[in-house]
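Here the structure is laid out as structure tokens; the discussion comes afterwards.
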Amino acid sequence: MGVGILASRAIRPASRLLRSQTSNLSLRTIVSKPELQSPEAAAASQPAEPPKNQILPPRNPVGGARVHFANPEDAIEVFVDGYAVKVPKGFTVLQACEVAGVDIPRFCYHSRLSIAGNCRMCLVEVEKSPKPVASCAMPALPGMKIKTDTPIAKKAREGVMEFLLMNHPLDCPICDQGGECDLQDQSMAFGSDRGRFTEMKRSVVDKNLGPLVKTVMTRCIQCTRCVRFASEVAGVQDLGMLGRGSGEEIGTYVEKLMTSELSGNVIDICPVGALTSKPFAFKARNWELKGTETIDVSDAVGSNIRVDSRGPEVMRIIPRLNEDINEEWISDKTRFSYDGLKRQRLSDPMIRDSDGRFKAVSWRDALAVVGDIIHQVKSDEIVGIAGQLSDAESMMVLKDFVNRMGSDNVWCEGTAVGVDADLRYSYLMNTSISGLENADLFLLVGTQPRVEAAMVNARICKTVRASNAKVAYIGPPADFNYDCKHLGTGPDTLKEIAEGRHPFCSALKNAKNPAIIVGAGLFNRTDKDAILSTVESIAQANNVVRPDWNGLNYLLLYAAQAAALDLGLIQQSAKALESAKFVYLMGADDVDVDKIPKDAFVVYQGHHGDKAVYRANVILPASAFTEKEGTYENTEGFTQQTVPAVPTVGDARDDWKIVRALSEVSGVNLPYNSIEGVRSRIKSVAPNLVHTDEREPAAFGPSLKPECKETMSTTPFKPVVENFYMTNAITRASKIMAQCSAVLLKK
């Protein structure tokens, strides 16, 4: 082969490379929109603003927002794209634009967090201002003329978006945020069609925040929403901003996990795919899911949620806005315990054989066995216990059934012997959850809201931050995420306050709106009447209860508790369970099965094979809260309903239907065949339970209660919730909650 041929072959690739480079360079020419190359000239060519006397058609505020003027004299008028709107003093330009019906793009701004003003995506043009202003941080001033759609504002947003995308990876096909990503939406709406950045993109090491939140920190745009949420709402200083310039990144100052019980909410507020759900990773796209608006039953708050399902499986749970209850946050237990709905489920009726093994049978055979046994025992030896996840309809039917069998022994978990349910004020949160924001002093008695009701604790934390409210606590040592003064561990401290001998009395007396929160765990103490009477005497002596303010509150533990007390499911005798011969457990898993006599016949009706199943003689499979329509009342007396999101598992049935069928087999027909009939029966017992999405406050206060003659014991208060992540049958069956217990509760 000649040297000339070799030389030509060596030269050809080089010439090809040179040509490709020059062609690439020529393709890099940026073609922008003509009006953006000279904004001033384009602005001059824009049509003139409509004359002042011309009436423009009204616009609807963004998201149906309503503006409340506490003082009409504080209203100021601003002009947004020529439209005059009135807003209260203190509103920002961004809020004024929303009232005018203009949605301003933003990444760092969040209505429930402090203003950071560091993403610059919300730039607008303000008349007489030399350059675009950040609308989220600029207060609206009287007569201000705001322009949101001018070439200058558009070019500013394009520039900001170009900088944001400069280091953002092209992960959209594999990113879990795809389809519900603010960066995707806003780059389509406000970004340019190309970028000028040709250098290497930076990358950031992922952080380990625990088993719940997955991090891909290279996608982070440093909006600091998660940092502000952690410190302002969750009350933990776990996240922060490290470094400067291109080395800036979000993380923990030392290698640690995010230990908040609200940590999952950073997934919702993250505008990009930097923080996503670790259990939900690569499971589904949001357009594949069917959303069902329902409520949560893991605690007594009744948080509003949306259950996203695909086919028969619950894929994820996310919060739904409700300003009066959970705002737009939910606890980690609410959000991540959904995988427990598909584990350890009971799908068929079963009867225990003579050899101790369970055998699947038909519904007819299972109900026939139970119907035969129940007639072989005395009426006062029949006991019915409703579980903490039971709905009002099933508890009403169970009570009617047990009463028709001649027994009064029917109660709900968490309501001990002799709990006073005659006056509703004695077991409800009378201030209401949102009303806690008006309090300036809190006295927590035997309750740890952080693990008993995380959303109530978030309200207290919000109030402490907003108004510097004082918080005092009587109970065992506990970890609070706000400043809290520990007064003592038991009834002795309560007695000192009641007698006016404690230093805290002066603060209580001087408070304008004091709030006392009593934990429902005290209901299980033998001296509960004396304790509650002492608390009520403190309330009356310190102006806690008055016509314009009711600060005496009881924080319940379970979703079924308030409705059970309204319906009268109260334990009459302490020895009822120990002398029972027929025990009907309707989802009751926290009952002390050792107290049940060896010769008693136990029927377990529920949706999970939990603790009580091992003692059962007959198992009747029931529907979980995501599979049925049921009524629940939360700790403040607000009535809500669950909506079925997925089909039932196997041969399971709704709780009230099972008890209704059993009543027919047992020969004591209940007079209703539909859920409407059951609700008609509930209306005659507790009318407030049929007024859905309404809160019925208690009509009377402590003044009607007779004086208590009992004395308090000196036994200190004990914690009620040992493990925040394991409180009911669903959470105990959840693999995710088991991981949280193992990792996050490790001392």
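All residue numbers here begin at 1 and follow the chain in the order shown.
Cβ from N, Cα, C; glycine included.
For 38-47, the entry in TrEMBL reads compositional bias 'Low complexity'. Annotated region 'Disordered' per TrEMBL: 38-64, in sequence order. Sequence annotations record features per position, and here TrEMBL assigns domain '2Fe-2S ferredoxin-type' to 74-152. Among the features that TrEMBL reports, domain '4Fe-4S His(Cys)3-ligated-type' is placed at 152-191. As annotated by TrEMBL, domain '4Fe-4S Mo/W bis-MGD-type' applies to 289-345.
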Long-range Cβ neighbours of the domain '4Fe-4S His(Cys)3-ligated-type' (152-191) (under 8 Å; 6 or more residues past either end): 36, 39, 43, 105, 107, 119-121, 123-125, 132, 197, 201-203, 214, 216, 218-219, 221, 246, 270-273, 276-277, 280-282, 285-287
Residue counts (helix, strand, coil, in that order) that DSSP gives for the domain '2Fe-2S ferredoxin-type' (74-152): 10 helix, 23 strand, 46 coil
Composition by DSSP (helix, strand, coil) of residues within the domain '4Fe-4S Mo/W bis-MGD-type' (289-345): 11 helix, 23 strand, 23 coil
Confidence summary for the domain '2Fe-2S ferredoxin-type' (74-152), mean pLDDT rounded: 93
